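Remarks on the structure that follows.
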């Protein structure tokens, strides 16, 4: 099975290069000895060990690469990648001892994240090893390949290699389309393991989260439905508080049980995730040069940590505090600018919307508002990215988290401040409900449509442009040009990227943002509109399949990322739960105290006490149910114990025997 | 230095056995061949390798034991203890490769915790290895030592060995007395490293905590002093809220920075502390038989975790949920009984105290109350211990933590409910302040006195009893009997044990309980009585030295415990901070709203908002300042990385070479 799979050689990476013109192709082949650089590149790829296939498309030529297992293994050894072994320890990969390493659940030796990492390493690792500059000819231009320079970097700079992108593997894509994207009757069930092996960890974790969230959502959806429709007669006053308590408990349990599920997933995929264990060890990067240097510096920092402990300690403390200070400054800047700039703007809009009576005016106002808000958010995102680049964050994931927090601050204000305005200041529950329904139904349906149609439009437009161009060149205005090669179609499809801060985040950012804003909306105003949960559940069931379709059909195959959790977003979920405890308490007070007497009568005091008890439960629950299921822990501990017991004697001998040697090695490092 | 120290052979363990009577000693020596069992025990100790010294006291005989390093090393190897090595990994100890292991900061190979563990292992490891029962003669009784039975257990059951206890090492004790206990001018500075090497981890961590807490306390003490004495004129209304905010921020920062300090301490002592890394691996146990079996079961559980993953997973899940359910049931029992039994009692007392006018009646009431409360607490503690023994907690530390939470619940009600009654229900701030002063000054001074005089009284009484007994036996009523041997004096000194649940906790329980109750008192009613911090600071400065004196002079040397943090107590500190945010808000509302109108005016709303912001800061701060300083982390990561890089290749070869062997080993295990 394994052998079979690996012999198939799926082409997983594509490169877009300019098309050989007919006359040039001939001239290049047997000309003055200067090779065409595309030919040269293909030769270099073959030398590395890649299996290369060239496809000529309508306007460009494509090089498809596949790597035999051995080539990938070599790359893994060069990169000193650590992998889990049968004794349970993570050890540095070594091709000679390949049998010692545990295989993926799908039978592959390397996960897709790792494979992609190795591909990039190999592709960008083609360096001019000679002493002299090599001259390459391409499209009548001459390119100087300096010694020591990576070939791909040169060619990208000269825009001869237009794009390096991961390719869909047709068989697996079709299978996923069948068992996942088009399998509507499974509702929230998804083939998570297959998603993992095709899209990588982060994507699989996202879809697993979405599935669990939707499944859990059915409970409050049903409850909300009952609360909305049934009249409980004399107990009507108690219904909303009880609903409030149940959904808070629901949310608290959900966030804790998700953590458990997440660690169970990681245990199944044999990913040993521990924060800070390998700082900078992150597989899913986009700009290898840049990231490797940051990894380098982190490793250097650590290896400098030598004999002179006192000094080192002080240096580390200085750096840590400087970093904390910078982050604090940036947070203050963001928070202040949100409060001083965004808050008045949002309040002005909410106020005008309330004051203006004509529906046309309202419509016009909203259009202007939407236009401005787009602009606002983009500026805010840019500033956030700028600020984060100044921060000295330990690794890419921390940087991404930091961005998430900052951008969420913007969206939080933008999405909820109007609602708060209606709910709290004006106690206008009718408008609040209207706005909620409008946002939940209209905006989510529209957003889903937009999310799925926009990439398609982009793709169609690109195809159209290419067609027109090639028609012009060929001069034959008749006959429709067909895109026959799959790789060219994929090349024209849009990338799965975030609307904000592309270099830090991929398209999951938008999807998770949408999910989080929805969660905040339904939770924070639960008491004002219990039916919202039902709408959200309905929306999420469709969201699973449309997101799947988008990934499989509309987009290029996304660059895999190694992040093992949904990271900052879970913290935001928790924050929203806390917020929702507070806001719902205020809502209940408003509903209870209709005349606006604001007297602390037993009812109000009861609400306050309830609020505090719920907050206590929120923060106490995580002590009660641990984040890691017992069997995951047992597995981990057992592995570690076994490894220790088996090899500790052997290691010891070599340490105390080679005591001096080890010290010397330490010194050299 | 090292060699020198270890050649001294400090006698660190003492055993109390009955004194040889003159005629029996002669008869036993050359009698019918049946040896006196004490002689036999001493011979066995010598066979193990101990250096034995026998001291004849007034009423008992004492056997002092010292162990050469090699003997301890053998025990360590038998116990498969893991120790940090020079390459940074923790490896199983092996006497042959002793140079590979890192030594303690004081130059010893083993810490006092480890040494004590090994001593016990050796002492209780003397087993009848023969096939037949050995008959020992002692005091004209005959004792049957069955094959396979530990000798000490037999002798303890026959109460021939009355006690096994750790001995003070006189030189070190005197040094500590000089540089620590009597060194009053250092205020909060203490020689923590020396305390660590003499008393073990848990004690050193406690004193380090106490020192830091007292040092930090100086800030709110000063602030409280200023607030209490200075009149701010028109800003008087703002003074208390500002004071409130500052002390909450102070407390939040303190608890976070303590965590950092704790991990820095552990890094210095080379203790790699990770929760759950070695379940059941706990050095400070008292009942070796019992604890070892629980350790055994935990290890067994893990090693059973084999091929049949599905089943194992289900079993683990079942056990985990059953454990959670049991804990939940116990918590509910405790909480309900506190609310239903203790709360009415306390409220009744508080109410009667308020209602009764005569001072004599008040005094009588308090006496009855104090009598009942003693009884109450003892029953509560017993029930808690019973409940905890039913819980299936992973290890001793978890069990101890569980007890701490439950018992703290009792004390919480007992200590604060009266204060709440005065503060909130009756808004009687005068009585509240009176009670606070009374508790802080009177009770703390009394408690300190009691704490130090009670052990002394106990010690004196024991000495008196022994004297009377030996006088009676000797029949010579004249002449005072002197206790010349130090070991006998130590034997008569009281044990450093908790007033509650002796088998789970040592005397630190009482000390930490006192500290925590003080913290709760000053924090929760900070706005009612800002001067409290000054009293607490004063009290704690003396507490450091009196606790030190108690340990060094009044008590037996305590059994060392390996706990690396103050555990549950820090969580209780954090809980008290949260509580104090809420109670102080209520206090401010009461102070602000003198007429009891209970209207939500801007002032009240501001207080509510402030409360929520402070709660947010409390829970957000830990995200901002990590628990582990950067240099500790760097050190840890560096060690791990180095170890990996150096030995990964070697390990791999042996794994993939011996793939089958490793599988076989797994099966056998």
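Quick reminder: no glycine exception, Cβ is built from N, Cα and C everywhere.
Whatever TrEMBL says is automated annotation, not expert-curated.
Summarising the annotation, TrEMBL assigns domain 'Anoctamin transmembrane' to B:195-637.
Sequence-remote contacts of a segment are chain residues at least 6 beyond its ends whose Cβ falls under 8 Å from one of its Cβ atoms, and for the transmembrane segment (B:204-229) they are 187-190, 192-193, 195-196, 239-240, 243, 246-247, 250, 254, 257-258, 261-262, 265, 508, 511-512, 515, 519, 526, 530-534, 536-537, 540-541, 543-544, 547-548, 563-566. Annotation comment: TrEMBL describes B:204-229 (among others) as transmembrane segment.
Using a Cβ-Cβ cut-off under 8 Å and counting only residues 6 or more beyond its ends in the same chain, the transmembrane segment (B:235-258) has close neighbours at 209, 212-213, 216, 219-220, 223-224, 227, 523, 526-527, 530, 533, 570, 573-574, 577, 580-581, 584, 588, 591-592, 607, 610, 614, 617-618, 621-622, 625, 627. Feature annotation from TrEMBL assigns transmembrane segment to B:235-258 (among others).
Listed as Cβ neighbours of the transmembrane segment (B:332-351) (distance under 8 Å, sequence separation of 6 or more from its ends, same chain) are residues 365, 369, 372, 376, 380, 383-384, 387, 406, 409-410, 413-414, 417-418, 421-422. The transmembrane segment annotation in TrEMBL covers B:332-351 (among others).
TrEMBL lists B:363-381 (among others) with the feature transmembrane segment.
Away from its own ends, the transmembrane segment (B:402-424) comes close to residues 327, 330-331, 334-335, 338, 342-343, 346-347, 349-351, 353-354, 373, 376-377, 380-381, 384-385, 387-388, 391, 393, 431-432, 435-436, 439, 500-501, 504-505, 509, 513, 516-517, 520-521, 524-525, 528, 567-569, 571-572, 583, 586-587, 590 of its chain (Cβ-Cβ under 8 Å, at least six residues beyond either end). Sequence annotations record features per position, and here TrEMBL assigns transmembrane segment to B:402-424 (among others).
What TrEMBL records for B:519-541 (among others) is transmembrane segment.
The transmembrane segment annotation in TrEMBL covers B:562-592 (among others). Within the same chain, residues 113, 200-202, 205-206, 209, 237, 240-241, 244, 248, 251-252, 255, 258-259, 262, 266, 271, 273, 282-284, 397, 400-402, 404-405, 408, 420, 423-424, 427, 429, 512, 515-516, 519-520, 523-528, 603-604, 607-608, 610-611, 614-615, 618 sit at least 6 positions outside the transmembrane segment (B:562-592) and bring their C-beta atoms closer than 8 Å to a C-beta of that stretch.
The annotation transmembrane segment is assigned in TrEMBL to B:604-621 (among others). For the transmembrane segment (B:604-621), the list of distant contacts is 241, 245, 248-249, 252-253, 256, 574, 577-578, 581-582, 585, 588-589, 592-593: same-chain residues at least six beyond its ends, Cβ to Cβ under 8 Å.
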